[in-house]
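**Q** Among the features that TrEMBL reports, Zn(2+) 2 binding site is placed at CYS181, CYS192, CYS219, CYS223. Taken from TrEMBL, the feature Zn(2+) 1 binding site covers CYS181, CYS183, CYS186, CYS191. Marked as Zn(2+) 3 binding site by TrEMBL: CYS186, CYS219, CYS225, CYS229. Sequence annotations record features per position, and here TrEMBL assigns S-adenosyl-L-methionine binding site to ARG251, GLY252, TRP253, ASN320, HIS321, TYR362, LYS390. According to TrEMBL, the feature Zn(2+) 4 binding site maps to CYS323, CYS389, CYS391, CYS396. Annotation comment: TrEMBL describes 37-95 as domain 'Chromo'. Residues or ranges marked as domain 'Pre-SET' in TrEMBL: 179-237. The domain 'SET' annotation in TrEMBL covers 240-363. Among the features that TrEMBL reports, domain 'Post-SET' is placed at 385-401.
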Amino acid sequence: AWYVPCLASLETLQELCRKENLTCKSIGITNRSLKSYEVEYLCDYKVEEGKAYYLVKWKGWPESSNTWEPRKHLNCPLLLQNFLRDKNEYLSRVREGKALKVRKRVKALKPAIADYIVKKAKQRIALQRWKEELNRKKNHKAMILVENTVDLEGPPLDFYYINEYKPAPGINVLNGITTGCECADCPAEKCCPKEAGFILAYNKRKKLKIQPGLPIYECNSYCRCGPDCPNRIVQKGTPYSLCIFRTNNGRGWGVKTLQKIKTNSFVMEYVGEVITSEEAERRGQLYDNQGNTYLFDLDYDSDEFTVDAARYGNVSHFVNHSCDPNLQVFNVFIDNLDLRLPRIALFSTRTIKAGEELTFDYQMKGSIDLTSDSAEGLSPSKKRIRTVCKCGAVCCRGYLN
(Lines of atoms letter the chains of each structure in order from A; the text may use other names.)
(Lines give C-alpha, C1' and ligand atoms only; values in the text may rest on other atoms or scores of the structure.)
Protein backbone atom coordinates (compact mmCIF):
# COMPACT_ATOMS: atom_id res chain seq x y z
CA ALA A 1 0.00 0.00 0.00
CA TRP A 2 1.08 3.59 -0.64
CA TYR A 3 0.90 6.07 2.20
CA VAL A 4 0.13 9.80 2.15
CA PRO A 5 1.77 11.85 4.92
CA CYS A 6 -0.43 14.02 7.11
CA LEU A 7 -0.14 17.67 6.08
CA ALA A 8 -1.10 19.01 9.51
CA SER A 9 1.72 19.89 11.89
CA LEU A 10 2.18 18.10 15.20
CA GLU A 11 1.17 21.26 17.07
CA THR A 12 -2.06 21.53 15.03
CA LEU A 13 -2.97 17.92 15.76
CA GLN A 14 -2.25 18.40 19.48
CA GLU A 15 -4.44 21.50 19.58
CA LEU A 16 -7.30 19.68 17.83
CA CYS A 17 -7.06 16.77 20.26
CA ARG A 18 -7.23 19.11 23.25
CA LYS A 19 -10.16 21.01 21.80
CA GLU A 20 -12.12 17.78 21.30
CA ASN A 21 -10.79 16.20 24.51
CA LEU A 22 -9.31 13.27 22.56
CA THR A 23 -6.22 11.20 23.32
CA CYS A 24 -3.57 10.09 20.83
CA LYS A 25 -0.46 8.43 22.23
CA SER A 26 1.52 8.74 18.99
CA ILE A 27 1.48 12.56 19.18
CA GLY A 28 1.91 12.79 22.93
CA ILE A 29 -1.72 13.34 23.99
CA THR A 30 -2.61 10.99 26.85
CA ASN A 31 -5.18 11.14 29.63
CA ARG A 32 -2.41 12.36 31.90
CA SER A 33 -1.18 15.12 29.59
CA LEU A 34 -4.74 16.33 29.00
CA LYS A 35 -4.99 17.24 32.66
CA SER A 36 -1.41 18.02 33.66
CA TYR A 37 1.76 19.76 32.55
CA GLU A 38 4.99 17.86 31.87
CA VAL A 39 8.16 19.39 30.44
CA GLU A 40 8.87 18.06 26.96
CA TYR A 41 11.98 20.16 26.29
CA LEU A 42 13.53 23.55 27.08
CA CYS A 43 13.58 26.19 24.34
CA ASP A 44 15.37 29.27 25.66
CA TYR A 45 17.03 30.92 28.64
CA LYS A 46 17.16 34.38 30.18
CA VAL A 47 17.99 36.16 33.43
CA GLU A 48 15.64 38.79 34.87
CA GLU A 49 16.25 40.58 38.14
CA GLY A 50 18.92 38.06 39.01
CA LYS A 51 16.67 35.04 38.49
CA ALA A 52 17.19 32.38 35.77
CA TYR A 53 14.19 31.49 33.60
CA TYR A 54 13.72 28.76 30.97
CA LEU A 55 11.19 28.77 28.15
CA VAL A 56 9.32 25.48 28.52
CA LYS A 57 7.62 23.41 25.82
CA TRP A 58 4.94 21.40 27.60
CA LYS A 59 4.38 17.82 26.50
CA GLY A 60 1.19 17.43 24.52
CA TRP A 61 0.66 21.20 24.29
CA PRO A 62 1.26 23.34 21.19
CA GLU A 63 4.16 25.79 21.13
CA SER A 64 1.73 28.66 21.57
CA SER A 65 1.35 27.42 25.18
CA ASN A 66 5.09 27.70 25.97
CA THR A 67 5.81 29.56 29.22
CA TRP A 68 8.83 31.03 30.99
CA GLU A 69 9.47 29.20 34.24
CA PRO A 70 12.01 29.88 37.01
CA ARG A 71 14.72 27.28 37.50
CA LYS A 72 13.32 26.24 40.88
CA HIS A 73 10.06 25.10 39.22
CA LEU A 74 11.83 22.63 36.97
CA ASN A 75 12.37 19.06 38.11
CA CYS A 76 13.89 17.70 34.90
CA PRO A 77 17.68 17.26 35.33
CA LEU A 78 18.10 15.25 32.10
CA LEU A 79 16.38 17.93 30.00
CA LEU A 80 18.52 20.60 31.63
CA GLN A 81 21.62 18.58 30.75
CA ASN A 82 20.43 18.24 27.15
CA PHE A 83 19.80 21.98 26.97
CA LEU A 84 23.30 22.88 28.19
CA ARG A 85 24.96 20.23 26.02
CA ASP A 86 23.14 21.43 22.90
CA LYS A 87 24.06 25.04 23.64
CA ASN A 88 27.75 24.18 24.07
CA GLU A 89 27.68 21.97 20.98
CA TYR A 90 26.36 24.86 18.89
CA LEU A 91 29.00 27.25 20.22
CA SER A 92 31.75 24.70 19.61
CA ARG A 93 30.72 24.27 15.99
CA VAL A 94 30.46 28.01 15.41
CA ARG A 95 33.97 28.49 16.76
CA GLU A 96 35.23 25.54 14.66
CA GLY A 97 36.94 23.64 17.41
CA LYS A 98 38.51 26.64 19.16
CA ALA A 99 38.70 26.65 22.94
CA LEU A 100 35.20 27.21 24.27
CA LYS A 101 34.80 29.99 26.81
CA VAL A 102 31.31 29.98 28.26
CA ARG A 103 30.41 33.12 30.11
CA LYS A 104 28.96 32.40 33.52
CA ARG A 105 26.56 35.34 33.54
CA VAL A 106 24.62 35.11 30.30
CA LYS A 107 21.43 37.17 30.51
CA ALA A 108 19.88 35.86 27.31
CA LEU A 109 20.69 33.46 24.49
CA LYS A 110 21.11 34.65 20.94
CA PRO A 111 18.15 33.67 18.70
CA ALA A 112 20.38 31.41 16.59
CA ILE A 113 21.43 29.42 19.66
CA ALA A 114 17.87 29.07 20.94
CA ASP A 115 16.72 28.00 17.45
CA TYR A 116 19.39 25.29 17.34
CA ILE A 117 18.47 24.04 20.82
CA VAL A 118 14.80 23.71 19.82
CA LYS A 119 15.66 21.91 16.57
CA LYS A 120 17.96 19.54 18.46
CA ALA A 121 15.25 18.82 21.05
CA LYS A 122 12.68 18.12 18.34
CA GLN A 123 15.16 15.87 16.56
CA ARG A 124 15.86 13.96 19.77
CA ILE A 125 12.13 13.34 20.29
CA ALA A 126 11.59 12.34 16.64
CA LEU A 127 14.49 9.87 16.71
CA GLN A 128 13.23 8.37 19.97
CA ARG A 129 9.77 7.86 18.45
CA TRP A 130 11.34 6.33 15.35
CA LYS A 131 13.39 3.94 17.49
CA GLU A 132 10.25 2.86 19.33
CA GLU A 133 8.44 2.35 16.03
CA LEU A 134 11.25 0.22 14.59
CA ASN A 135 11.33 -1.97 17.69
CA ARG A 136 7.55 -2.43 17.59
CA LYS A 137 7.66 -3.58 13.99
CA LYS A 138 10.72 -5.85 14.05
CA ASN A 139 10.14 -9.60 14.45
CA HIS A 140 13.41 -10.51 16.20
CA LYS A 141 14.54 -10.21 19.83
CA ALA A 142 17.60 -8.01 19.31
CA MET A 143 17.18 -4.26 19.77
CA ILE A 144 17.46 -1.48 17.17
CA LEU A 145 18.92 1.83 18.36
CA VAL A 146 19.07 5.18 16.57
CA GLU A 147 21.80 7.81 16.98
CA ASN A 148 22.64 11.16 15.41
CA THR A 149 25.43 13.25 16.94
CA VAL A 150 26.45 14.76 13.61
CA ASP A 151 23.68 17.02 12.29
CA LEU A 152 19.99 17.90 12.62
CA GLU A 153 18.72 15.18 10.26
CA GLY A 154 15.68 13.36 11.61
CA PRO A 155 14.04 10.06 10.63
CA PRO A 156 13.54 9.43 6.91
CA LEU A 157 10.09 10.65 5.90
CA ASP A 158 9.34 8.04 3.25
CA PHE A 159 10.61 4.76 4.69
CA TYR A 160 8.46 1.94 6.06
CA TYR A 161 9.93 -0.92 8.07
CA ILE A 162 9.13 -4.48 6.94
CA ASN A 163 10.49 -7.86 8.03
CA GLU A 164 10.14 -9.80 4.78
CA TYR A 165 9.76 -9.32 1.06
CA LYS A 166 6.86 -7.15 -0.07
CA PRO A 167 5.90 -8.56 -3.48
CA ALA A 168 4.46 -6.38 -6.20
CA PRO A 169 1.08 -7.48 -7.61
CA GLY A 170 1.41 -10.74 -9.56
CA ILE A 171 4.63 -11.85 -7.86
CA ASN A 172 4.43 -14.81 -5.47
CA VAL A 173 7.37 -15.08 -3.09
CA LEU A 174 5.94 -18.11 -1.27
CA ASN A 175 5.66 -21.07 -3.60
CA GLY A 176 7.36 -24.33 -4.46
CA ILE A 177 7.25 -25.90 -0.97
CA THR A 178 4.89 -28.84 -0.48
CA THR A 179 6.90 -31.09 1.83
CA GLY A 180 9.73 -30.87 4.33
CA CYS A 181 12.37 -33.15 5.76
CA GLU A 182 11.46 -35.96 8.16
CA CYS A 183 14.64 -35.63 10.21
CA ALA A 184 14.34 -36.17 13.94
CA ASP A 185 17.77 -34.63 14.33
CA CYS A 186 18.99 -32.48 11.41
CA PRO A 187 21.05 -32.91 9.38
CA ALA A 188 20.26 -36.41 8.20
CA GLU A 189 20.62 -38.25 4.90
CA LYS A 190 17.52 -36.65 3.40
CA CYS A 191 17.63 -33.22 5.01
CA CYS A 192 16.60 -30.18 2.94
CA PRO A 193 20.08 -29.17 1.62
CA LYS A 194 20.87 -32.72 0.47
CA GLU A 195 17.47 -33.06 -1.21
CA ALA A 196 18.34 -29.91 -3.18
CA GLY A 197 21.74 -31.33 -4.13
CA PHE A 198 23.88 -29.22 -1.78
CA ILE A 199 25.59 -29.61 1.57
CA LEU A 200 24.38 -28.22 4.89
CA ALA A 201 25.47 -24.58 5.07
CA TYR A 202 26.18 -24.46 8.82
CA ASN A 203 28.58 -26.21 11.18
CA LYS A 204 27.80 -27.41 14.71
CA ARG A 205 28.36 -23.89 16.09
CA LYS A 206 25.72 -22.58 13.65
CA LYS A 207 28.39 -20.71 11.66
CA LEU A 208 28.56 -20.67 7.88
CA LYS A 209 30.87 -23.30 6.39
CA ILE A 210 30.17 -23.01 2.65
CA GLN A 211 31.98 -20.82 0.11
CA PRO A 212 30.43 -17.64 -1.39
CA GLY A 213 28.31 -18.43 -4.41
CA LEU A 214 26.78 -21.62 -2.99
CA PRO A 215 23.11 -21.42 -1.95
CA ILE A 216 21.75 -22.02 1.53
CA TYR A 217 18.77 -24.36 1.91
CA GLU A 218 17.21 -24.09 5.36
CA CYS A 219 14.49 -26.29 6.82
CA ASN A 220 11.01 -24.96 6.14
CA SER A 221 7.53 -24.80 7.66
CA TYR A 222 6.73 -28.35 6.47
CA CYS A 223 9.79 -29.90 8.10
CA ARG A 224 9.43 -32.23 11.07
CA CYS A 225 12.27 -30.57 13.02
CA GLY A 226 11.53 -27.90 15.60
CA PRO A 227 12.66 -24.28 16.09
CA ASP A 228 15.97 -25.37 17.64
CA CYS A 229 17.03 -27.14 14.45
CA PRO A 230 20.63 -26.15 13.55
CA ASN A 231 19.46 -25.57 9.98
CA ARG A 232 17.18 -22.67 10.94
CA ILE A 233 19.33 -19.53 11.13
CA VAL A 234 18.30 -16.82 8.66
CA GLN A 235 14.59 -17.36 9.27
CA LYS A 236 15.00 -16.36 12.94
CA GLY A 237 16.12 -12.83 12.10
CA THR A 238 19.18 -10.94 13.27
CA PRO A 239 20.47 -12.06 16.70
CA TYR A 240 22.51 -8.86 17.25
CA SER A 241 21.49 -5.47 18.61
CA LEU A 242 22.24 -2.88 15.93
CA CYS A 243 22.37 0.91 15.79
CA ILE A 244 21.31 3.09 12.86
CA PHE A 245 23.64 6.08 13.12
CA ARG A 246 24.44 9.25 11.20
CA THR A 247 27.88 9.11 9.57
CA ASN A 248 30.23 12.09 9.83
CA ASN A 249 31.68 11.94 6.31
CA GLY A 250 28.67 12.57 4.11
CA ARG A 251 27.52 8.97 3.67
CA GLY A 252 24.16 9.61 5.32
CA TRP A 253 22.92 6.94 7.70
CA GLY A 254 24.90 3.81 8.48
CA VAL A 255 24.58 0.73 10.69
CA LYS A 256 26.94 -0.42 13.45
CA THR A 257 26.80 -3.46 15.66
CA LEU A 258 26.48 -3.09 19.41
CA GLN A 259 27.79 -6.60 20.00
CA LYS A 260 30.83 -8.57 18.88
CA ILE A 261 30.09 -10.67 15.80
CA LYS A 262 32.18 -13.74 15.08
CA THR A 263 33.35 -14.76 11.61
CA ASN A 264 30.80 -16.46 9.32
CA SER A 265 27.81 -15.44 11.47
CA PHE A 266 24.42 -14.47 10.08
CA VAL A 267 23.89 -10.74 10.65
CA MET A 268 20.77 -9.60 8.77
CA GLU A 269 18.57 -10.15 5.75
CA TYR A 270 18.18 -7.70 2.85
CA VAL A 271 14.46 -7.13 2.25
CA GLY A 272 12.32 -4.72 0.26
CA GLU A 273 9.74 -4.64 -2.52
CA VAL A 274 10.09 -7.43 -5.06
CA ILE A 275 9.50 -5.95 -8.49
CA THR A 276 10.11 -6.99 -12.09
CA SER A 277 13.35 -6.07 -13.82
CA GLU A 278 11.39 -3.83 -16.16
CA GLU A 279 10.01 -1.84 -13.23
CA ALA A 280 13.49 -1.76 -11.69
CA GLU A 281 14.82 -0.20 -14.89
CA ARG A 282 12.19 2.54 -14.71
CA ARG A 283 12.85 3.26 -11.03
CA GLY A 284 16.59 3.08 -11.57
CA GLN A 285 16.47 6.08 -13.88
CA LEU A 286 14.79 8.10 -11.12
CA TYR A 287 17.24 6.92 -8.47
CA ASP A 288 20.20 7.78 -10.70
CA ASN A 289 19.27 11.44 -10.56
CA GLN A 290 19.28 11.26 -6.75
CA GLY A 291 22.75 9.69 -6.67
CA ASN A 292 21.66 6.58 -4.78
CA THR A 293 19.87 3.30 -5.30
CA TYR A 294 18.52 0.43 -3.25
CA LEU A 295 17.91 -1.87 -6.20
CA PHE A 296 19.30 -5.37 -5.72
CA ASP A 297 19.05 -7.77 -8.66
CA LEU A 298 17.88 -11.31 -7.90
CA ASP A 299 19.78 -13.04 -10.68
CA TYR A 300 20.94 -16.21 -8.96
CA ASP A 301 19.22 -18.16 -11.73
CA SER A 302 17.67 -15.49 -13.98
CA ASP A 303 17.22 -11.73 -14.06
CA GLU A 304 13.44 -11.47 -13.83
CA PHE A 305 13.15 -9.83 -10.41
CA THR A 306 14.76 -7.11 -8.31
CA VAL A 307 14.50 -6.11 -4.64
CA ASP A 308 13.89 -2.38 -4.12
CA ALA A 309 14.53 -1.31 -0.52
CA ALA A 310 14.12 2.44 -1.15
CA ARG A 311 10.71 2.84 0.55
CA TYR A 312 10.18 -0.52 2.21
CA GLY A 313 12.96 -2.37 4.02
CA ASN A 314 14.59 -3.27 7.31
CA VAL A 315 17.89 -2.23 8.94
CA SER A 316 19.79 -3.36 5.84
CA HIS A 317 18.34 -0.31 4.04
CA PHE A 318 20.87 1.80 5.95
CA VAL A 319 23.97 -0.39 5.49
CA ASN A 320 26.65 1.47 3.54
CA HIS A 321 28.96 0.26 0.80
CA SER A 322 32.63 -0.53 1.33
CA CYS A 323 35.26 -1.76 -1.09
CA ASP A 324 36.63 -3.75 1.87
CA PRO A 325 33.39 -4.95 3.50
CA ASN A 326 32.81 -7.06 6.59
CA LEU A 327 29.58 -8.61 5.25
CA GLN A 328 29.06 -11.06 2.38
CA VAL A 329 25.86 -11.88 0.48
CA PHE A 330 24.38 -15.38 0.22
CA ASN A 331 21.24 -16.69 -1.50
CA VAL A 332 18.84 -18.48 0.84
CA PHE A 333 15.87 -20.76 0.10
CA ILE A 334 13.41 -21.63 2.87
CA ASP A 335 9.68 -21.58 2.11
CA ASN A 336 10.25 -20.87 -1.56
CA LEU A 337 12.28 -23.07 -3.92
CA ASP A 338 11.81 -20.76 -6.91
CA LEU A 339 15.40 -20.10 -8.04
CA ARG A 340 14.32 -16.72 -9.41
CA LEU A 341 13.37 -15.50 -5.92
CA PRO A 342 16.06 -16.27 -3.35
CA ARG A 343 16.17 -14.49 -0.02
CA ILE A 344 19.30 -12.38 0.47
CA ALA A 345 21.27 -12.91 3.69
CA LEU A 346 24.33 -11.00 4.90
CA PHE A 347 27.00 -12.96 6.81
CA SER A 348 30.15 -11.65 8.50
CA THR A 349 33.42 -12.22 6.64
CA ARG A 350 35.57 -11.70 9.75
CA THR A 351 35.27 -10.89 13.44
CA ILE A 352 33.47 -7.55 13.85
CA LYS A 353 34.02 -5.57 17.04
CA ALA A 354 31.20 -3.95 19.02
CA GLY A 355 30.74 -0.40 17.75
CA GLU A 356 32.12 -1.17 14.28
CA GLU A 357 30.17 -0.14 11.19
CA LEU A 358 28.66 -2.90 9.06
CA THR A 359 29.23 -2.72 5.30
CA PHE A 360 28.90 -4.80 2.18
CA ASP A 361 30.23 -4.38 -1.35
CA TYR A 362 27.49 -3.04 -3.62
CA GLN A 363 29.24 -4.76 -6.54
CA MET A 364 29.57 -8.02 -4.62
CA LYS A 365 32.89 -8.98 -6.19
CA GLY A 366 33.77 -12.53 -5.18
CA SER A 367 30.26 -13.34 -4.02
CA ILE A 368 29.87 -15.88 -6.83
CA ASP A 369 32.02 -17.63 -9.42
CA LEU A 370 33.24 -14.73 -11.56
CA THR A 371 34.11 -17.10 -14.38
CA SER A 372 30.48 -18.07 -14.89
CA ASP A 373 28.04 -16.45 -17.28
CA SER A 374 26.26 -14.84 -14.30
CA ALA A 375 29.33 -13.03 -12.95
CA GLU A 376 27.17 -10.15 -11.77
CA GLY A 377 24.44 -12.37 -10.40
CA LEU A 378 24.33 -10.83 -6.95
CA SER A 379 25.22 -7.22 -7.68
CA PRO A 380 22.80 -4.33 -7.20
CA SER A 381 21.38 -2.95 -10.45
CA LYS A 382 23.89 -1.00 -12.47
CA LYS A 383 23.59 2.77 -12.19
CA ARG A 384 24.09 4.98 -15.22
CA ILE A 385 25.70 7.85 -13.32
CA ARG A 386 29.00 7.11 -11.57
CA THR A 387 28.85 7.79 -7.84
CA VAL A 388 32.02 8.66 -5.94
CA CYS A 389 32.83 6.15 -3.19
CA LYS A 390 33.52 7.51 0.31
CA CYS A 391 34.22 4.21 2.06
CA GLY A 392 37.80 5.20 2.93
CA ALA A 393 39.20 1.68 2.44
CA VAL A 394 42.84 1.28 1.37
CA CYS A 395 41.64 -0.72 -1.62
CA CYS A 396 38.83 1.74 -2.51
CA ARG A 397 37.92 1.59 -6.21
CA GLY A 398 36.92 5.26 -6.25
CA TYR A 399 33.34 4.71 -7.38
CA LEU A 400 30.36 2.73 -6.12
CA ASN A 401 29.61 1.46 -9.62
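Placed from the backbone N, Cα and C atoms, the Cβ positions cover glycine too.
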**Q** Who are the chain neighbours of the domain 'Post-SET' (385-401) in space, where the CB to CB distance is under 8 Å and they lie at least 6 residues beyond its ends?
**A** 249-251, 288-289, 291-292, 320-324, 359, 362-363
**Q** Near ARG251 (S-adenosyl-L-methionine binding site), which binding-site residues out of CYS181, CYS219, CYS225, CYS389, CYS391, CYS396 have their CA within 10 Å?
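**A** Passing the 10 Å Cα cut: CYS389, CYS391.
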**Q** Do any of CYS181, CYS183, CYS186, CYS192, ASN320, CYS389 (binding-site residues) have a CA within 10 A of CYS225 (Zn(2+) 3 binding site), and if so which?
**A** CYS181, CYS183, CYS186
**Q** Between the Cα atoms of CYS181 (Zn(2+) 2 binding site) and CYS391 (Zn(2+) 4 binding site), find the distance and write it as a whole number of Å.
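**A** Just about 43 Å between their Cα atoms.
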**Q** How big is the Cα-to-Cα gap, in Å, between CYS389 (Zn(2+) 4 binding site) and HIS321 (S-adenosyl-L-methionine binding site)?
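**A** Taking the Cα atoms only, CYS389 (Zn(2+) 4 binding site) lies 8 Å from HIS321 (S-adenosyl-L-methionine binding site).
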**Q** Which residue among the binding-site residues CYS223, CYS396 has the fewest other Cβ atoms within 10 Å of its Cβ, if you could check?
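**A** Among the binding-site residues CYS223, CYS396, the lowest count of other Cβ atoms within 10 Å belongs to CYS396.
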**Q** Near CYS186 (Zn(2+) 1 binding site), which binding-site residues out of CYS192, CYS219, CYS229, GLY252, LYS390 have their CA within 10 Å?
**A** CYS192, CYS219, CYS229
**Q** I want the residues beyond ARG251, GLY252, TRP253, ASN320, HIS321, TYR362, LYS390 whose C-beta is within 8 angstroms of the mean position of the S-adenosyl-L-methionine site's C-beta atoms, in chain order.
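**A** Those within range, site residues removed, are THR247, GLY254, VAL319, THR359, CYS391.
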**Q** Using the structure shown, find which entry in CYS192, CYS323 (the binding-site residues) has the sparsest Cβ neighbourhood within 10 Å.
**A** CYS323
**Q** Considering Cα atoms only, can you say which of CYS183, CYS192, CYS323, CYS391 is the nearest neighbour of GLY252 (S-adenosyl-L-methionine binding site) among these binding-site residues?
**A** CYS391
**Q** In the domain 'Chromo' (37-95), how many residues does DSSP assign to helix, to strand and to coil?
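**A** Tallying H, G and I as helix, E and B as strand, the rest coil: 24 helix, 22 strand, 13 coil.
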**Q** So among CYS183, CYS219, CYS229, CYS391, all listed as binding-site residues, which is physically nearest to HIS321 (S-adenosyl-L-methionine binding site)? Use the C-alpha atoms.
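**A** Nearest listed residue in space: CYS391.
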**Q** Cβ-Cβ under 8 Å from CYS183 (Zn(2+) 1 binding site), same chain, 6 or more residues apart: which ones?
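**A** For CYS183 (Zn(2+) 1 binding site), the qualifying residues are LYS190, CYS191, CYS219, CYS223, ARG224, CYS225, CYS229.
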**Q** In terms of Cα spacing, which of the binding-site residues TRP253, ASN320, TYR362, LYS390 are within 10 angstroms of CYS396 (Zn(2+) 4 binding site)?
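**A** Hits: LYS390.
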**Q** Need this for a regression test: binding-site residues CYS192, TRP253, TYR362, filtered to those with Cα within 10 Å of CYS323 (Zn(2+) 4 binding site). What's left?
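**A** Final answer, ordered: TYR362.
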